[in-house]
Amino acid sequence: MKIRTALLGTLMASALLAGCQGSSVSDLGLRAEKPLPEKVVAKMKSKGMTRTSPIMVRIFKEEGVLEVWKQKNNGKYDQIASYEICKWSGKLGPKFIEGDRQAPEGFYNVRPAQMNPNSQYYLAFNIGFPNAYDRANNRTGQHLMVHGACSSSGCYSMTDESVSEIYAFGRDAFKGGQRDFQIQAFPFRMTAANMARYKSDPNYSFWKMLKQGYDSFEVNKVPPKVDVCEKRYVFNVPTPDGQPLSATDACPPSVGSESMAYTSSYEKTFQSAFSAAQKKPAPSIQGIAEAKLVSAWSAARARGEKVTREPPSLSPASAETPNAPDIKPAATPISVQPATAIAATPAVAAPAAAPQAQAATTPVPQENPAAVSPMTTASTVADNVAAPAPEKKKPWWKLGGN
């Protein structure tokens, strides 16, 4: 009897796993070995790519697009495919805490162990959230995926046909020796015009930081080397033997000088693009305050309590544009203490404790929060504005001095 009870408990616990992890043991994984279409293979050859050459993925929320880039014979990357994102969860802006239903933004790495050929969402791979930046800033969450089945709760959902090809690109690259591929998840194409549109957004400082990595790839067509120091992203910083920096320690001196040059270039382009920003911005998450509200809503929903159909929102009604998610302000009170301030910079830490209740059912699908819109302004550079964190220990570049 005890054994039967223990087995039942294990099965129930498995059903309550968060995010988009779902898997099915009955799936033999044959779909994971489906080859890329011949027309895609022919396109690769015409671009000077091999079937097993390395890849990189870019995601743009507002445009609803996932791009696959592949390395050519000259070492540069070129776009080989683009797919419409079927659904993504939440609003523009990063993920803060477990249960806030936000799809992550930032720079992530996918390794072979993160590929799931037996997903109940057809095929899936784990994005790698939380990464070093997320952990340094107390961001919480798990099982954030790119998957099929057009159902999303904090994930990026594709059609089965699309995820089959995306999965095949990753699988073949791993067979060719690539140890991990980079995912760059952005709120929108980070042109000067788009940055001007979101100049007043509470996530603007975070996005300016992401833009530095975005611009590095736009210029060099090679995935940037991504590190975290002082609780912020830095890019292409040389380190001994390529070892990563400490996410919470001081950044090397070279980062400061590069940031100043970046700031000057960004400001000049920003001012010229400011007046050209015509399209209204889409709603974005209003920092940790809204994340806590949505997390509490998710926990109450998981407990079977009566809640509003859509998660609560701190965006004013005027900001809910026709192309934005159908999210309304909360009509039913939720037992959660509101935050006294909204986190607007990447250095602000999330609260120490967050609701951890999980939904016991498959997440309710949400429509793609933004329609595709053409971008006409060239990419420019941006400022890295996060404030330095206190130095905890002596960094590697000062080991020989005082």
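Each Cβ is built from the backbone N, Cα and C atoms, and glycine gets one as well.
For H147, the entry in TrEMBL reads active site, proton donor/acceptor. Taken residue by residue with DSSP, H147 (active site, proton donor/acceptor) is part of a strand.
For C155 (active site, nucleophile), the count of additional Cβ atoms within 10 Å of its Cβ stands at 27 [all protein chains shown]. Here TrEMBL flags C155 as active site, nucleophile.
Among the features that TrEMBL reports, compositional bias 'Low complexity' is placed at 354-365.
Here TrEMBL flags 55-186 as domain 'L,D-TPase catalytic'. Using DSSP to sort the residues of the domain 'L,D-TPase catalytic' (55-186) gives these counts of helix, strand and coil: 24 helix, 46 strand, 62 coil.
Annotated signal peptide per TrEMBL: 1-18, in sequence order.
A mean pLDDT of 95 is what the model gives for the domain 'L,D-TPase catalytic' (55-186). Between the C-alpha atoms of C155 (active site, nucleophile) and H147 (active site, proton donor/acceptor), the distance comes to 8 Å. All chains included, 30 other C-beta atoms sit within 10 angstroms of the C-beta of H147 (active site, proton donor/acceptor).
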